[in-house]
Amino acid sequence: MPKKPSSRSHHSGVTTAASRSGGHQSSATGTRTAALLDPVKAYGQNFLKNPAIIDAIVAKSRIKPTDKVLEIGPGTGNLTVKLLPQCSALTAVEYDPRMVREVTKRVEGTESHHKLTVVQGDALKTAFPYFDVCVANVPYQISSGLVFKLLSHRPLFRSAVMLFQEEFALRLSARPGENLYCRLSVNTQLLARVDQLMKVGRNNFRPPPKVESRVVRLSPRVPAVKVDFREWDGMVRLLFNRKNKTIRSVLDSKATYKLLGGNMRTHKAMKGAGAAMDVEGGGGEGAGGDNEEEEVKQIVRNVCEMELYKDRRVTKLDIDDLLGLLAEFNKRGVHFC
Ligand SMILES: C[S@@+](CC[C@H](N)C(=O)[O-])C[C@H]1O[C@@H](n2cnc3c(N)ncnc32)[C@H](O)[C@@H]1O
């Protein structure tokens, strides 16, 4: 995380608008185009300044009066003040202590002040409370980490409405065969449905970012797909490294056979551990190492000869193809972690 900006009064931990006292009066509605807080570039501080866009994001969040909302990166609170009247409670996680102070002050004295809890911290490292809906306009450098933190959050929430850089947003929903289809697309679509909601031009922000943005809705799949995510990610990493090749030509390499042969030995050793097997050299280069590599090679070739996978390019595989492929490998003892 970048160095914190200096701040005369430093907030840390949790603060609520209701818990603060003081005579600061500020507008609880509309945007603060004249806010005096200098945006810090390293924190990705591009504040939404167009009230029509803010209203559209709030409407697309489809918040019910009983909902608990999680807002990430509230900044000066332009979204926060419009989300609060819609929900039963809102927790905002903000890294910059100046913004924590600003959003808290801005909500003080409003009808919704008792609903707000502001947590000062890095959203990637802060434990999230229970929430139904997440709304976030976050710095682009934490987009990917945040998407996967949210999608592994339990219990599952209903939806997350988030602003991202245009290309990142399009990658999230890219379909097989499209240029932007990548590891991010399959990992996200494994866990959630992705809807593109609207484009947001650069000039709707203060200061304007370098690129256009988009608002996306992520709705976690219910029930969640049953898959060992480490296995899945191990396979997807290997495959999407060279996504324009066929499955076989990506996997058919000495280095891959060595890696997968090692995994196979480890798994065999773990299986036998109950029978007091010495697992110490299980993942290493012990005797018989070549056997596993040869075994893996044969399995890879056999699976790649199956009708569904023969001559298929990685970039054309959808989630079901990939899940099926992983299952075929796993049931033959080939593991990706
Ligand atoms: C793009 S601004 C959006 C502000 C406000 N939501 C808006 O739309 O006007 C991103 C906000 O996220 C905050 N932020 C940056 N990194 C963060 C992190 N790791 N955890 C939580 N907040 C972060 C920034 O300080 C900033 O207030």
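Heads up, the Cβ atoms here are built off N, Cα and C, so glycines get one too.
For reference, TrEMBL has these:
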type: COMPBIAS; residues: 1-11; note: compositional bias 'Basic residues'
type: REGION; residues: 1-30; note: region 'Disordered'
type: COMPBIAS; residues: 12-30; note: compositional bias 'Polar residues'
type: BINDING; residues: N46, L48, G73, E94, D122, N137; note: S-adenosyl-L-methionine binding site
type: DOMAIN; residues: 53-222; note: domain 'Ribosomal RNA adenine methylase transferase N-terminal'
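Comparing local CB density within 10 A for the binding-site residues E94, D122, the maximum falls on E94. In the three-state DSSP classification, E94 (S-adenosyl-L-methionine binding site) falls within a strand. Of all Cβ atoms in the shown protein chains, 22 besides its own fall within 10 Å of the Cβ of N46 (S-adenosyl-L-methionine binding site).
Look at the binding-site residues L48, N137 and count other Cβ atoms within 10 Å of each Cβ; L48 has the fewest. Following the DSSP three-state reduction, the secondary structure of L48 (S-adenosyl-L-methionine binding site) is strand. In this structure, D122 (S-adenosyl-L-methionine binding site) belongs to neither helix nor strand by DSSP; it is coil.
For G73 (S-adenosyl-L-methionine binding site), the number of other Cβ atoms no farther than 10 Å from its own Cβ, over all displayed protein chains, is 23. Residues N46, L48, G73, E94, D122, N137 are recorded as binding S-adenosyl-L-methionine; their most distant pair of Cα atoms lies 20 Å apart.
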